[in-house]
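As recorded in Swiss-Prot, the features of this protein are as follows:
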- 1-55: region 'Disordered' (REGION)
- 73-140: domain 'BTB' (DOMAIN)
- 175-277: domain 'BACK' (DOMAIN)
- 324-370: repeat 'Kelch 1' (REPEAT)
- 372-418: repeat 'Kelch 2' (REPEAT)
- 419-465: repeat 'Kelch 3' (REPEAT)
- 467-512: repeat 'Kelch 4' (REPEAT)
- 514-559: repeat 'Kelch 5' (REPEAT)
- 560-606: repeat 'Kelch 6' (REPEAT)
Amino acid sequence: MGDPLLPGSTGLGSGGTAAATGGTGTTGTGLGSGGTSGTERPPSPARLTHTSEKHPKVTLTELNMLRRHRELCDVVLNVGGRKIFAHRVILSACSSYFCAMFTGELEESRQTEVTIRDIDENAMELLIDFCYTAHIIVEESNVQTLLPAACLLQLVEIQDICCEFLKRQLDPTNCLGIRAFADTHSCRELLRIADKFTQHNFQEVMESEEFLLLPVGQLVDIICSDELNVRSEEQVFNAVMSWLKYNVAERRQHLAQVLQHVRLPLLSPKFLVGTVGSDLLVRSDEACRDLVDEAKNYLLLPQERPLMQGPRTRPRKPTRRGEVLFAVGGWCSGDAIASVERFDPQTNDWKMVAPMSKRRCGVGVAVLNDLLYAVGGHDGQSYLNSIERYDPQTNQWSCDVAPTTSCRTSVGVAVLDGFLYAVGGQDGVQCLNHVERYDPKENKWSKVAPMTTRRLGVAVAVLSGHLYAIGGSDGQCPLNTVERYDPRQNKWVAVNPMSTRRKHLGCAVFNNYIYAVGGRDDCMELSSAERYNPLTNTWSPIVAMTSRRSGVGLAVVNGQLYAVGGFDGSAYLKTIEVYDPETNQWRLCGCMNYRRLGGGVGVMRAPQTENYMWCAK
């Protein structure tokens with residue numbers, strides 16, 4: 001059998017299709033003579049139903065032109081000294097606020113110039129533009145004025161878009177400010193998401209300036225949550241004391257109110273006595289001393305603990321975000337595929353997500369800046385240099401990434417120092433040693449030093465600031481050689497080879513080793529596996545997988561090593577197996593929805609907000 005990952009040996013060919021037409025006579029339309037049937041039927045009335053898809057857009061465009069030329073305008077909005085011309089009927093159709101203003105008994109219903117107060121004039125102009133164009137750009141510079149304006153005008157769609165934008169901007173340095181902003185404007189969903197984000201990232205949030213500026217009520221709301229994500233209750237106490245000491249004069253009166261929400265009974269005895277009990281501010285407050293005594297009793301009298309249960313003795317149970325694995329493209333049932341699915345180890349469940357715009361086998365996949373990149377591949381007919389990028393927050397692929405300088409399939413892709421590297425592969429003419437890297441800030445690829453050996457079906461890995469190119473084929477035979485790239489010197493050097501020749505192998509870094517599994521040698525698909533120790537520059541074997549797998553994906557998810565799909569010599573695989581380094585054993589742990597040979601795999605953190613769509617629309 002030929003190499004199943006090389007398009008020339010897949011058995012692909014152009015198939016013929018035939019169409020036949022039958023003699024059905026003449027069909028009567030009411031516009032001419034009918035057929036020769038012996039039974040005459042009265043002609044049906046002529047009818048053509050038409051619904052124009054472009055009519056709404058054209059109409060809005062013309063209405064906006066009338067507004068721009070101040071023609072047929074029947075109202076002028078005076079906002080912050082700026083005059084905005086408009087048509088009442090358009091404003092009323094888009095905004096409940098304007099509808100009530102112009103159709104009721106309010107004085108404004110009879111005025112040709114209406115003054116709108118407490119709203120930013122630039123925001124108002126953007127919102128009126130949206131009413132006429134259905135287009136708006138929300139960005140960091142305008143969202144804080146757009147959202148209040150949209151709330152006032154009751155433009156719910158814009159409120160939702162602003163909240164969506166703010167959800168995507170959440171980080172530990174601004175989540176408290178966004179939370180307060182959401183609370184002020186009654187954006188309940190944004191408030192809930194900001195709360196969840198704050199709880200999950202509390203260890204970073206507590207270091208921010210926003211945290212130190214919190215009013216006491218908001219501080220209490222945060223630290224009383226059962227879902228606060230902390231390693232120990234000591235972090236909560238330290239956070240509270242940092243907040244207090246930021247303005248001791250004004251805040252010491254609130255110490256007992258806040259400290260009652262710190263779960264002192266869950267502290268270690270050493271920390272409780274040595275740190276909490278000895279703190280001068282705590283010792284000077286009677287209510288705080290009582291809280292410390294309560295915690296001491298809980299720790300010293302274990303037999304009494306069943307009678308002392310309460311909110312302060314309840315362990316926190318944070319909701320932890322795990323990692324998820326994506327399987328992208330590949331070869332299935334004789335053709336390249338565009339389908340993508342994700343695996344959640346916590347539920348042991350595979351679900352389909354949005355497919356790529358192109359079918360891709362031999363695709364290189366990597367994650368950069370929380371976005372999944374699919375590089376090159378083969379679509380069943382052509383070698384590709386195009387790239388797609390997946391955003392898990394929106395469940396959408398975008399194609400605005402600059403293409404690689406060469407078409408590449410069976411390419412190795414990895415991320416090093418904020419750059420995306422594309423290594424080797426083939427372009428339909430020859431096997432490649434070219435290497436290029438992508439700068440996401442510039443949306444540009446640039447070439448770096450080529451490898452010393454041409455490699456298709458190469459595996460790549462990043463370890464200790466170096467990029468490794470492992471195995472593959474030079475176009476004639478599989479390789480066991482390995483070379484390492486140093487970006488500081490822009491140079492490749494050879495390291496010790498693997499014990500087995502492997503092309504289309506799987507590769508991943510796990511516990512500071514590089515693992516190489518499966519692939520194909522000169523004769524057959526492989527189940528064997530080995531790992532590389534960079535400290536000793538040596539390869540050593542590990543136990544073989546349960547199945548032979550060429551074109552296998554290998555990835556580390558939540559601290560476990562997974563082998564995904566591949567080809568066993570007779571069938572495409574959808575099984576996955578996981579490796580346990582302590583027992584040196586592989587075990588099967590489920591199946592994908594699709595069989596995949598030569599698909600890419602990537603690992604991402606589950607989105608920090610809950611506003612994402614894993615499932616394909």
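Cβ coordinates come from backbone N, Cα and C, glycine included.
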Check for me, if you would, whether the repeat 'Kelch 4' (467-512) reaches the repeat 'Kelch 6' (560-606) - at least 3 Cβ pairs under 8 Å, residues 6 or more apart in sequence.
yes
Quick one: find which recorded stretch in 419-465, 514-559, 560-606 has the most Cβ pairs under 8 Å with the repeat 'Kelch 1' (324-370).
560-606
Across the repeat 'Kelch 6' (560-606), average pLDDT on the 0 to 100 scale:
93
Report the DSSP secondary-structure composition of the repeat 'Kelch 5' (514-559) as helix, strand and coil residue counts.
0 helix, 22 strand, 24 coil
The repeat 'Kelch 2' (372-418), counted residue by residue under DSSP: helix, strand, coil:
0 helix, 20 strand, 27 coil
Write out how many residues of the domain 'BTB' (73-140) are helix, how many strand and how many coil, based on DSSP.
32 helix, 14 strand, 22 coil
